[in-house]
Amino acid sequence: MFGAVNALGEALVCQALHRGVKTQQRRREGPAAALLWQKPRSAAQQRHSVTAILSKMAGADGDDSLYPIAVLIDELRNEDVQLRLNSIKKLSTIALALGVERTRTELLPFLTDTIYDEDEVLLALAEQLGNFTMLVGGPEYVHCLLPPLESLATVEETVVRDKAVESLRKISQEHSPVDLEVHFEPLVKRLASGDWFTSRTSACGLFSVCYPRVSSTVKAEIRQHFRTLCSDDTPMVRRAAASKLGEFAKVLELDYVKSDIISLFTALASDEQDSVRLLAVEACVSIATLLPQEDLETLVMPTLRQAAEDKSWRVRYMVADKFSELQKAVGPEITKNDLVPAFQNLLKDCEAEVRAAAANKVKEFCENLPEDSREQIIMTHILPCVKELVSDTNQHVKSALASVIMGLSTILGKDNTIEHLLPLFLAQLKDECPEVRLNIISNLDCVNEVIGIRQLSQSLLPAIVELAEDAKWRVRLAIIEYMPLLAGQLGVEFFDEKLNTLCMAWLIDHVYAIREAATCNLMKLVEKFGAEWAQNTIVPKVLGMANDPNYLHRMTTLFCINALSEACGQDITTKQMLPVVLKMSNDQVANVRFNVAKSLQKIGPVLDSNALQTEVKPVLEKLATDTDMDVKYFAQEAISVLALA
């Protein structure tokens with residue numbers, strides 16, 4: 001075996017050396033060129049190469065057990081992308097066969113110097129190398145993984161670079177402090193000062209992982225590199241720096257946060273590119289949590305106020321989207337003085353996207369307000385804006401508000417809800433947009449806790465009926481999913497009087513997904529209202545569908561029986577459901593007959609042994625001789641599962 005591995009290693013060395021001169025030339029041409037690969041091999045060339053490697057192995061000790069490994073290695077250069085991808089995904093197998101020393105000295109240089117490929121192959125390679133620590137000999141040798149990952153961190157495709165950075169961050173934790181300074185930190189510097197913007201963007205994600213574990217001298221250099229990247233000429237680099245600003249701030253000493261990070265934050269928040277400015281808003285949350293309360297007003301708030309009124313809607317959108325996090329970070333006093341007016345402005349923004357993002361945060365913002373002044377702030381400042389949004393011209397804004405407005409009832413209490421919120425709920429239940437009505441209905445439990453759902457019942461029913469008959473089947477499906485919740489809140493009498501007919505109508509909907517959901521809905525209703533209610537209200541109507549001329553509706557009867565049998569219990573299943581199922585075994589449509597077999601298998605465990613032997617078994621035996629293959633198959637399966645053979 002050792003001789004075979006030696007032969008394999010020789011083959012790899014030959015492959016790497018064969019391209020040594022060209023590799024040096026490519027390195028001089030630029031960072032992307034270092035990954036250039038020789039022309040892909042044809043299938044015939046590959047067979048010849050595998051044969052050559054195997055002949056060396058056989059010459060070594062006559063053992064051909066490494067044939068799969070030889071194939072994997074040769075497939076690294078196959079012209080078929082899928083074969084190369086499969087080989088890369090099994091790189092750990094190749095490394096295990098070579099051993100840690102040969103992986104370090106032969107496989108990794110080969111990958112570093114000769115791999116140039118499709119993005120999906122490079123992505124798989126970047127991911128694999130992040131888990132290679134033990135395959136190169138453990139943490140002591142983990143620095144050997146840096147060269148190939150460094151090359152991958154410079155490629156043009158963003159997802160490959162991101163995965164390479166992710167792997168580098170992962171293995172950085174396995175470096176000792178000494179190795180971090182000797183090997184990892186120089187890599188970060190090379191990337192940060194690279195000629196190509198791709199390498200500089202990758203560097204931004206690596207500063208925070210090495211900073212805490214290096215000496216003060218190296219820390220100063222890292223801070224300087226990060227400052228340089230924050231003012232880079234290329235917007236993509238500044239964007240990458242802005243996205244990592246908060247993360248980097250978290251590992252810095254507080255003095256440097258005040259002296260370095262704040263100035264960078266201010267500069268990035270005033271960048272000419274709105275894509276950079278909006279990322280600075282995200283960093284603001286992290287920075288605000290690091291600073292003492294007394295420093296927030298002078299160091300952070302001027303920039304945050306500027307962002308909330310930025311000329312670009314994307315920046316204002318980001319402020320609205322992060323508003324709850326910002327509110328928690330700056331504390332109650334600044335919230336009252338600064339964030340409440342800012343939030344009002346966002347709710348009234350001229351761009352619908354910003355209003356929708358702010359509307360989505362209404363409940364969360366109100367919950368996080370200081371308790372002593374919460375109700376006063378909501379009633380005076382927030383509720384007037386909410387009332388305007390209820391009749392907004394944009395349906396996405398109204399839909400976003402409808403998804404959270406019900407939550408205000410628990411914050412404001414019964415009296416305020418009835419006086420101020422109830423009219424808004426009723427208006428939204430009559431909204432022309434189905435998503436708005438649906439969002440209100442889906443959050444009814446919030447109101448039910450405070451004022452009871454009866455207050456809404458008169459407006460609720462027309463809204464439910466309209467949604468239940470909506471032309472879009474996904475809207476119908478959504479209202480079905482909320483029906484058990486509504487039933488529990490409205491009570492059995494209201495449900496039987498107003499909604500029972502709807503639930504039965506869904507069982508014969510022309511869309512299968514609706515019929516299936518309606519069946520599950522019936523089961524949940526039976527669990528909520530009990531078997532006696534089912535026996536009197538649901539079961540007769542379901543069994544009546546067994547005589548429907550449409551075979552799809554007859555099949556729905558069987559699906560309902562499958563779902564209801566366990567919830568209804570043995571008595572109802574045996575006396576009312578089983579006779580109907582047995583009668584349907586004579587149905588003219590084969591699909592119905594094989595579903596009878598499946599239903600008998602499903603309800604069998606609920607029945608007693610006497611019913612199984614005297615009623616179920618004869619029918620299944622008859623179906624097992626049916627002319628239709630599927631009917632036979634499912635009948636035989638049911639006989640086997642129920643042990644009736």
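Note that Cβ sites are derived from N, Cα and C of the backbone, with glycine treated the same way.
Annotation source TrEMBL lists domain 'Phosphatase 2A Regulatory Subunit A helical' at 145-326. Mean pLDDT across the domain 'Phosphatase 2A Regulatory Subunit A helical' (145-326) comes to 91 in this model.
According to TrEMBL, the repeat 'HEAT' annotation covers 68-106 (among others).
For the repeat 'HEAT' (145-183), same-chain residues at least 6 beyond its ends with a Cβ under 8 Å from one of its own Cβ atoms are 31-32, 34-35, 108-109, 111-112, 115, 119, 122-123, 125-127, 129-130, 132-133, 136, 139, 190-191, 194, 196, 198-199, 201-202, 205-206, 209-210, 213-215, 218. According to TrEMBL, the feature repeat 'HEAT' maps to 145-183 (among others).
Long-range contacts of the repeat 'HEAT' (222-260) within its own chain (CB-CB distance under 8 A, at least 6 residues past either end) are made by residues 185, 188-189, 192-193, 197, 200-205, 207-208, 210-212, 214, 267-268, 271, 273, 275-276, 279-280, 282-287, 290-291, 295, 299. Taken from TrEMBL, the feature repeat 'HEAT' applies to 222-260 (among others).
The repeat 'HEAT' annotation in TrEMBL covers 261-299 (among others).
Within its own chain, the repeat 'HEAT' (300-338) has Cβ neighbours under 8 Å at 262, 265-266, 269-270, 274-275, 277-282, 284-285, 287-289, 291, 293, 345-346, 349-351, 353-354, 357-358, 361, 364-365, 368-370, 373, 377, counting only residues six or more beyond its boundaries. Annotated repeat 'HEAT' per TrEMBL: 300-338 (among others), in sequence order.
As annotated by TrEMBL, repeat 'HEAT' applies to 339-376 (among others). Only residues 6 or more beyond the boundaries of the repeat 'HEAT' (339-376), in the same chain, are considered here, and those with a CB under 8 A from a CB of the stretch are 304-305, 308-309, 313, 316-317, 319-321, 323-324, 326-328, 330, 332, 382, 385-386, 388-389, 392-394, 396-397, 399-401, 403-405, 407-408, 411-412, 416.
For the repeat 'HEAT' (382-420), same-chain residues at least 6 beyond its ends with a Cβ under 8 Å from one of its own Cβ atoms are 340, 343-344, 347-348, 352-353, 355-357, 359-367, 374-375, 427-428, 431, 433, 435-437, 439-440, 442-444, 446-447, 449-451, 455. The repeat 'HEAT' annotation in TrEMBL covers 382-420 (among others).
Marked as repeat 'HEAT' by TrEMBL: 421-459 (among others).
Note on the repeat 'HEAT' (460-498): residues 429-430, 434-435, 437-438, 440-442, 444-445, 448, 453, 505-506, 509, 511, 513-514, 517-518, 521, 524-525, 528-529, 533, 537 of its chain, located 6 or more positions outside it, place their CB under 8 angstroms from a CB of the stretch. Residues or ranges marked as repeat 'HEAT' in TrEMBL: 460-498 (among others).
Residues or ranges marked as repeat 'HEAT' in TrEMBL: 538-576 (among others).
Helix, strand and coil residue tallies for the repeat 'HEAT' (577-615), in that order: 34 helix, 0 strand, 5 coil [DSSP]. Feature annotation from TrEMBL assigns repeat 'HEAT' to 577-615 (among others).
DSSP states for the repeat 'HEAT' (616-645), grouped as helix (H, G, I), strand (E, B) and coil, give 21 helix, 0 strand, 9 coil. Annotated repeat 'HEAT' per TrEMBL: 616-645 (among others), in sequence order.
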DSSP-assigned states of the repeat 'HEAT' (68-106) in counts, ordered helix, strand, coil: 32 helix, 1 strand, 6 coil
Close approaches to the repeat 'HEAT' (538-576) from elsewhere in its chain (Cβ under 8 angstroms; 6 or more beyond its ends): 504, 507-508, 515-516, 519-520, 522-523, 525-527, 531, 583-584, 587, 589, 591-592, 595-596, 598-599, 602-603, 606-608, 611
DSSP helix/strand/coil residue counts for the repeat 'HEAT' (382-420): 33 helix, 0 strand, 6 coil
